[in-house]
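Trainee: From Swiss-Prot, here are the annotated features:
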BINDING   SER16, PRO17, ASN42, LYS43, LYS56, VAL57, GLU69, SER70  glutathione binding site
DOMAIN    6-85  domain 'GST N-terminal'
DOMAIN    91-217  domain 'GST C-terminal'
MOD_RES   THR154  phosphothreonine
Amino acid sequence: MGKENSKVVVLDFWASPYAMRTKVALREKGVEFEVQEEDLWNKSELLLKSNPVHKKVPVLIHNNTPISESLIQVQYIDETWTDAASFLPSDPQSRATARFWADYADKTISFEGGRKIWGNKKGEEQEKGKKEFLESLKVLEAELGDKSYFGGETFGYVDITLVPFYSWFYALEKCGDFSVEAECPKIVAWGKRCVERNSVAATLPESEKVYQQVLKLRQIFGVE
C-alpha cells in the first residue's frame, strides 16, 4: 500500500475552525478519512500522545504518524495527494503571495480574536475586539476584490485557511450586535460561494449550532 493510500485519521472537535481546515483539504483531494471526536475538557490519551507539545486539535494521523498544526496539515495534504489540483499556484511568486495571505488570515481571524467578541460583555473590550476583527476582514476583502476566490477562479490555500471562520460569523454577530455582511459584503458573498463546494458544505457546521456552542462557552467562562 502506498503512503498516499494508507489510513488517515483526524482528531477533531466539530466546532474547531482549525480542524475544519484539515477536513476541507482532505475532501478537496478526495481522501477518505476517519474522524475521532475529542472531548476538549477530557482529552484522549491518543490526542495527548499525538500532540504532546500543544495538546490541541486538530491532529492529522497518516500512516500512524501524527502531524500537528492545521496549516502544516493542509500543506502536507497538498504535497502528499498530488493527483488532485494543488492548493497553491505553480509559480513561486504567486505561491509566496498565497502563503502571505494565509498567514495574515491565520493570525488576524482567529479563535482568540473571536473570543474578544463572544468572551466579553458589551463594553469597551468587546468593541475593541469587533474593531480589530472587522479591520482585518476588510484587509482580506480588499485582497479578494472581485475575484471568485482568493486565488482567482481557483479555490485554494487562502480559501481553505479562512473559510471555516465563516461558520462562526453568525455567533460573533449575535454576541457583538453587528453585521459582517453590512461591513464586508464581498467576504460574505465569497463565504456563500465556498459553501457551494461539496468539501466545504460537508465540513462546516450550521451557524446556529456554533452559536449554541458559543453560548455554552460564555456560561463556562462566566460571561453570561
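Note that Cβ sites are derived from N, Cα and C of the backbone, with glycine treated the same way.
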Trainee: Residue counts in helix (H, G, I), strand (E, B) and coil for the domain 'GST N-terminal' (6-85), per DSSP?
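Mentor: Secondary-structure composition of the domain 'GST N-terminal' (6-85): 29 helix, 17 strand, 34 coil.
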Trainee: Give the residue from the recorded positions ASN42, THR154 that has the most other Cβ atoms within 10 Å of its Cβ, counting over every protein chain displayed.
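Mentor: Per the Cβ count within 10 Å, the most buried is THR154.
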Trainee: Is the residue listed as 'phosphothreonine' helix, strand or coil when read with DSSP?
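Mentor: Coil, per DSSP.
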Trainee: Can you tell which of LYS43, LYS56 has the least company, meaning the fewest other C-beta atoms within 10 angstroms of its C-beta, among these binding-site residues?
Mentor: LYS43
Trainee: To the nearest whole angstrom, what is the C-alpha distance linking ASN42 (glutathione binding site) and THR154 (phosphothreonine)?
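Mentor: It is 39 Å, counting Cα to Cα.
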Trainee: Among SER16, PRO17, ASN42, LYS43, LYS56, VAL57, GLU69, SER70, the annotated glutathione contacts, find the widest CA pair distance and round it to a whole Å.
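Mentor: Greatest Cα separation within the listed binding residues comes to 21 Å.
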Trainee: Provide, as an integer number of angstrom, the distance between the C-alpha atoms of VAL57 (glutathione binding site) and THR154 (phosphothreonine).
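Mentor: Approximately 28 Å lies between the Cα of VAL57 (glutathione binding site) and that of THR154 (phosphothreonine).
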Trainee: Around GLU69 (glutathione binding site), how many other CB atoms lie within 10 A of its CB?
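Mentor: Summing over all protein chains shown, GLU69 (glutathione binding site) has 19 other Cβ atoms within 10 Å.
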Trainee: So which of the binding-site residues is most packed in, judged by how many other Cβ atoms lie within 10 Å of its Cβ, out of SER16, SER70?
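Mentor: Of the binding-site residues SER16, SER70, the most buried by Cβ count within 10 Å is SER70.
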